[in-house]
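Undergrad: Sharing a structure with you now.
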Amino acid sequence: MKTSINVSNIYLLVFLFVIFFFKCHGQIYKDNIHFFVIGDWGGIPDPPYSTDIEKKTSREMIKLANSMQIDFLLALGDNFYYSGVESEYDSRFQTTFESVFNNSDLYFPWYVIAGNHDWRGNVSGQIHYSNHSKRWKFPNYFYNIEKSLPSDSNTKLAIIMIDTVILCGHSGSDFFQADKFIPVVDYIISESYWKFIEIQLEKYRMYSYIIVAGHYPVWSVGNHGPTKCLVNKLDKLLKKYNVSAYMNGHDHTLEYIKVPYGSNQSMNYFTIGASNFFDNSVEHNNSIPKNSLKFHWFNGHRHGGLASVSVSKSFLTINLMSSKNQTLYTTKIKPRL
């Protein structure tokens, strides 16, 4: 009888511990903001309209979503290879997007911007597809996302989504020739959007965290390398307003570049463009600021890459991950204020 009571007590303690652990674990995720970032994820134009890497990225997102409460996702362009979509009714929305990311755990908002391959087709068709999908969120070429911590409304995150093709021109078909930028179509429109970006940065000056997200990189060691237009114009704004991070796709790799500036500040640049293809090139290794490359992922031919981001009162945490359920690199960024 005594043994039976002791065993029962042990089972009770274990049960209570498990309940306590999951309650605390769940509360941590509930109190923070969590989101995914993928880039250059847009399948292929012929059957089966997706790649193995894209499918592996989807499966990894499902696993992660099962263990944490994902609030939304950023899709950083080249959403449909190689020439975008024809209209909002294009079948590629089903074959490359809906049927690949079809698990219920992935039915959170997808905030989308266009890449150079999307601009080979009809970008307005992607914008209008927002009317046909509850999770596809592409309201305009440039737009903002505002979030506050559930547990602390004073901790605020702003994400400014920008179209770098409108700002800098078209880089051409990067699979078949070296980047040769076609000038922007309308300089008046382009300049108006540059002013728009600074107005938004000023608007969010008192936010805890600001992320700017576009398709082209500011800095990259990869196949495309730095984008001269963004280095000359956007980078100054990122530093002027002490932006927490710039995130981009375009190069089919995972990178983290950190550039110090001012008295004791650093600008953080993340390339997240390995969600469908992968390129091992580091041909622009000497084209970025000295000693600024903190991470570059080479081994990706069989596995894709993505980022998992968490926002808390203390840190913006970025995890660069492979689709093989492996965290490759983690860094934490303090609040701006």
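Start at 1 and count along the chain as shown; that gives each residue its number.
In case you wondered, yes, glycine gets a Cβ from its N, Cα and C as well.
Remember, TrEMBL labels are computer predictions, not curated facts.
TrEMBL feature annotations, pasted as is:
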{"type": "DOMAIN", "residues": "34-253", "note": "domain 'Calcineurin-like phosphoesterase'"}
{"type": "BINDING", "residues": "ASP40, ASP78, TYR81, HIS252", "note": "Fe cation 1 binding site"}
{"type": "BINDING", "residues": "ASP78, ASN116, HIS215, HIS250", "note": "Fe cation 2 binding site"}
{"type": "CARBOHYD", "residues": "ASN122", "note": "N-linked glycosylation site"}
{"type": "DISULFID", "residues": "CYS168-CYS229", "note": "disulfide bond"}
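Map these features onto the structure and tell me what's around them.
TA: Taking the domain 'Calcineurin-like phosphoesterase' (34-253) as a whole, pLDDT averages 95 in the prediction.
Long-range Cβ contacts of TYR81 (Fe cation 1 binding site) within its own chain (separation 6+, distance under 8 Å): GLY42, GLY43, ILE44, PRO45, HIS117, ASN276. Mapped onto three states, the DSSP output places TYR81 (Fe cation 1 binding site) in coil.
Using a 10 Å radius centred on the Cβ of HIS215 (Fe cation 2 binding site) and all shown protein chains, the other Cβ atoms total 29.
Mapped onto three states, the DSSP output places ASN122 (N-linked glycosylation site) in coil. The local packing around ASN122 (N-linked glycosylation site), expressed as other Cβ atoms within 10 Å of its Cβ over all shown chains, amounts to 17.
Under the DSSP three-state reduction, CYS168 (disulfide bond) is assigned to helix.
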Undergrad: CYS168 (disulfide bond) to HIS215 (Fe cation 2 binding site): how many Å between their Cα atoms?
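TA: Just about 11 Å between their Cα atoms.
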Undergrad: Rank the disulfide-bonded residues CYS168, CYS229 by the number of other Cβ atoms within 10 Å of each Cβ, and give the residue at the low end.
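TA: Output over disulfide-bonded residues CYS168, CYS229: least Cβ neighbours within 10 Å is CYS229.
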Undergrad: Tell me, if you would, which residue among ASP40, ASP78 (binding-site residues) has the fewest other CB atoms within 10 Å in the structure shown?
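TA: If we count Cβ atoms within 10 Å for the binding-site residues ASP40, ASP78, the smallest count is at ASP78.
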Undergrad: Near the Cβ of HIS252 (Fe cation 1 binding site), how many other Cβ atoms are there if near means within 10 Å?
TA: 26
Undergrad: Round to the nearest Å and give the CA-to-CA distance linking ASN116 (Fe cation 2 binding site) with ASP78 (Fe cation 1 binding site).
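TA: Distance between the two Cα atoms comes out at 6 Å.
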Undergrad: Closest to ASP40 (Fe cation 1 binding site): which of the recorded positions ASN122, HIS215, CYS229, HIS250, going by Cα position?
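TA: So, spelling it out, the nearest of the recorded positions is HIS250.
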